[in-house]
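**Student:** Starting off with a structure, shown below.
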Amino acid sequence: MAVSERSPAAAGNGESIALARSYREAFRRNAPGYLFLTPWLIGFFCLTLGPALGSLYLSLTDFDLLQAPNFVGFQNYIRMATADPKFISAIRVTFLYVILSVPLKLGFALAVAMMLNRGIKGLPVYRAVFYLPSLLGASVAIAVLWRQLFAADGMVNSMLAVFGIEGPSWISNPRYSLYTLVVLSVWQFGSPMIIFLAGLRQIPVDMYEAASLDGASARRQFWKITLPLLSPVIFFNCVIQTIEAFKAFTPAFIVSGGTGGPINSTLFYTLYLYQEAFGNFRMGYASALAWVLVIIIAIFTAFSFLSTRYWVHYDE
Amino acid sequence: MSNEARALPGQGSNHPYLRSGLLHCLLIAASFVMLYPILWMLAGSLRPAEDLFGGGASLVPSQVTIKAYSQGWFGMQVSFGHFFLNSLLIATLATLGNVLAASLAAYAFARLNFFGRKLWFALMLGTLMLPYHVTLIPQYVLFLKLGWINTWLPLVVPKYFAVDAFFIFLMVQFFRGIPRQLDEAAQMDGCSPWRIYYKIMLPLSLPVLATAGIFSFIWTWEDFFGPLIYVSDMSLYTVQLGLRSFIDSSGTSSWNELFAMSILSLIPIFLIFLFFQRLLIEGIATTGMKR
Amino acid sequence: MSILTVNRRHFLGAGLGLASMPVWGALPGFAAEGAQLRMVWWGSEDRARRTKEAVKAFEGANAGVTVATESMGWDDYWPRLATQVAGGNAPDFIQMDYRFMFEYARRGTILPLDPYMGSELKIADFGEGNLKSCSVDGKLYGANVGVNAFGTIVDTAAWQDAGLAAPSLGTTWDQYAEACIAYGKVAKGKKKYASADGSGSEQLFEGWLISRGKSLYKNDGTLGYEAADAAEWFKYWAELREAGGCVSADIEALYKNTIETSPLTLGYSASDFAFSNQFVGFQKVNKPTLALTGQPVVGNGKPGHYLKPSQMFSISSKSKAPEVTARLINFLVRDPAGALILGVERGVPASPEIRDALVPQLDAANSEVVKFISALTPYVGTLPPAPPQGAGEMNAVLIRISQEVAFEASTPEAGGESLVAEAKSVLKKG
């Protein structure tokens, strides 16, 4: 387990003693970390890495699920780059979804969490009620529900009718259907909200007390205390929600019945990947799609990590 | 309740009653929007099947019947109660595993220095990025070779090896928010990393441990893809698998039974949520920690 | 000690053993004495109950045979089955669908049943048509579990309220359009359209093509129609849409190939098009009493309907006990002891003897289906040429292009052109 950080530079007499000492030193420094990491390392090498490399290999084959795969080199990647209009349209839909849903959802979650962090009556009830939609998760009932809300004669339009507005059938009109999925994502803001709440709870009260004594306004307290101390949690939510939004599958699958329609307007990247893999028997191509997605997400994540030095404050 | 009444920012208003009244109005209105789907599902579970789809968005059923509940509960050869027990067991085991294993790894990433830490961390995050559809088959082959098919092992054991990087990353972020002076002081006193982990880190991280617990439980409860692929014996079914056997999009579906059982399936996780969220409000702010 | 070593190697081999992937074979060591079959199907819980009961009867009659059953909904069924097949853990007994039969049979995943005909499988009385419709490239790959035809489901009362006769067997496409437009003029309330928009339905398009002497595909696997045909098809529906004879684009776009998203179920239209085996499901979620009739026809044209299996029972090519599986299939589709338990839940039985035995115990919706299949005979033609490899994708392409035309992002003529162009490129990919 012991891995030395620097190569031992000692030479000549007493080399072996110095070497042994430096190894012992390295062991002392590294052992606790690796000890705590052991369960994860086992899981990573035995359960996660194998299947991941497996899919990487499959992305270089023509695997059709039912027959043994044949190696085809980079053919899948070439097809993606040159001859697949659906790939381009899936990328477009997914980026739009990420750009719209992530900031809206996080903003909403943070606002509600701040509101619920006050000493108000009935707090646990509100918190639970606001979390309820997220409990519905991937339920097939969501599909029916969303139609009840956003179809031509749905609840949204009956409400608009009060103001004399005749709304379209939001959910089945290619111009608007993606936005109903954005609304769905924002509506299920429960998990980032809970994480924000836990983060807010970790901010020591005495900091606010001290600031109040100094006469700092609520707004100033928000900018000077809440935001900086919450920044690791905000950062976490940003990264996770962005990854999740890029990988979003269930909402589009359920609401569009797996079609990505009307006219590919809700064809999320992973939905397209799923169609290719299991509908059209092109698992090799789907695996290539997946790895391109990994690269896209990794670039985004790397940039967010690079940005942390400017706005995320750790107590170190 | 006393924990709730904390002095917090934004309370210096001149009209406390007006303000809190307005706040409650806002919250109640928002609650209705949040609850509407559940109410609609409840209404759906009480109305006859032929009323479900043509009727528009109305909440009030024309006719009330609770037939869907009894038919749903005993609809399959194994009763839904059995599925509830299965789900409860799996979710509990998975939650324990997740919280334990993830907190160990997170402590290492957040507080310990070791060679290759950044690389491991990046790899860990990387595991979040691959869509599960493409790892499905290699993973199936793996579990098949281990002889784990048609058991709960693929649903539970991986959690004890912290395969869900979400929880590790979550805890890392929170652990890094705990003042470093604490463990430095403990280290001076000769505390081992292990002692620091369970004497300082864990007690001070109750909110995040509770958060991880809630998510872990709820997500395992809601997961249907894992059980779908790995479990085939009906006596091993989870609630989600039971729910999905009401719907066959190519033919006859029992929608109101689905709604009825969906409502029931929400109750345990809702209770779990209510129970665990009390832990959320404790934590560093209320455990007497000052710095 | 040695057990431990073997286990560890096994474990590591599984985790890192990518090299073994191309040769995923059958699982060693799982087959036991007697026969232990695994059986999968899709369907809702009523089907599960009936099937399990019938399987129990089979186990009772065949000592030493045990059957482990697995069932799930349609959407979950195919990824799961594909995963099992890819993992080398395919079930012995597989419920198969007409479209997927071609994919599975041509890739050697399911077994030709011809060797069992006359011995384990005594289904010759299904008739040539019903055997042919379960065949790929001249070999039988499944036992027909339900005879199915594509038709029109109508809300008779809604048509009567409008003072019009509902479409029936033999109604021509022109008459259909006329009646729909007339309905649209007098209809009040929510059900203000006569018809769903059928322009995205591959089955309906196919029926229309066949009765005009064309087809979706030719025997050599090339396209059986031209851009002009498709353009005319889109035009028919565009005019109907324009005249208020069928639902608007955004209502039809709610349809997700499921019963509960059909404009008929949602209460927008007085008729929709569907397979006959879906009729019972339609009746379950529709309040008005529904009727089942044929597709519109072309006056003096060829019969556009044909009989397909609603689903079939197939045997995995990896099965260790194909004979026993074939016996089970025969028990379920041909032996009254099993077939009567299944009833008509999967569709109208292909065997005349079983069908006759079932008729007395049918409820209204089910007997409507049986009546429909019998009455359809004069309008039924021969099986059209088999779809070539990759044809399964065309369903989605047709839906998308029909929506582009319906939402007026494209014209019928342009739609026809792009349908043919995309079909050619899809078929080339294979």
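Backbone N, Cα and C atoms are what each Cβ position is placed from, and that goes for glycine too.
Automatic, uncurated: that is what TrEMBL annotation is.
Found this in TrEMBL, in case it helps:
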- A:34-58: transmembrane segment (TRANSMEM)
- A:91-304: domain 'ABC transmembrane type-1' (DOMAIN)
- A:95-116: transmembrane segment (TRANSMEM)
- A:128-149: transmembrane segment (TRANSMEM)
- A:176-200: transmembrane segment (TRANSMEM)
- A:221-243: transmembrane segment (TRANSMEM)
- A:249-274: transmembrane segment (TRANSMEM)
- A:286-306: transmembrane segment (TRANSMEM)
**Student:** Hey, does the transmembrane segment (A:176-200) touch the transmembrane segment (A:286-306), meaning at least 3 C-beta pairs closer than 8 angstroms, sequence gap 6 or more?
**Tutor:** no
**Student:** Considering only the recorded stretches A:34-58, A:128-149, A:176-200, A:221-243, state which has the highest number of Cβ pairs under 8 Å to the transmembrane segment (A:95-116).
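**Tutor:** Looking at each of A:34-58, A:128-149, A:176-200, A:221-243 in turn, the most contacts to the transmembrane segment (A:95-116) are made by A:176-200.
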**Student:** Using a Cβ distance cut-off of under 8 Å, indicate which of A:34-58, A:128-149, A:176-200, A:221-243 has the most pairs with the transmembrane segment (A:249-274).
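**Tutor:** Looking only at A:34-58, A:128-149, A:176-200, A:221-243, the most contacts with the transmembrane segment (A:249-274) come from A:176-200.
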**Student:** Are there 3 or more C-beta pairs under 8 Å linking the transmembrane segment (A:34-58) with the transmembrane segment (A:128-149), counting only pairs at least 6 apart in sequence?
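**Tutor:** The transmembrane segment (A:34-58) and the transmembrane segment (A:128-149): touching, no.
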**Student:** Cβ under 8 Å to the transmembrane segment (A:176-200), counting only same-chain residues 6 or more beyond its ends: which ones?
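**Tutor:** For the transmembrane segment (A:176-200), the list is 93, 96-97, 100-101, 104-106, 108-110, 112-114, 116-117, 127, 130-137, 142, 146, 149-150, 168, 170, 226, 230, 232-234, 236-237, 240-241, 245, 248, 251-252, 255-256, 261-262, 265-266.
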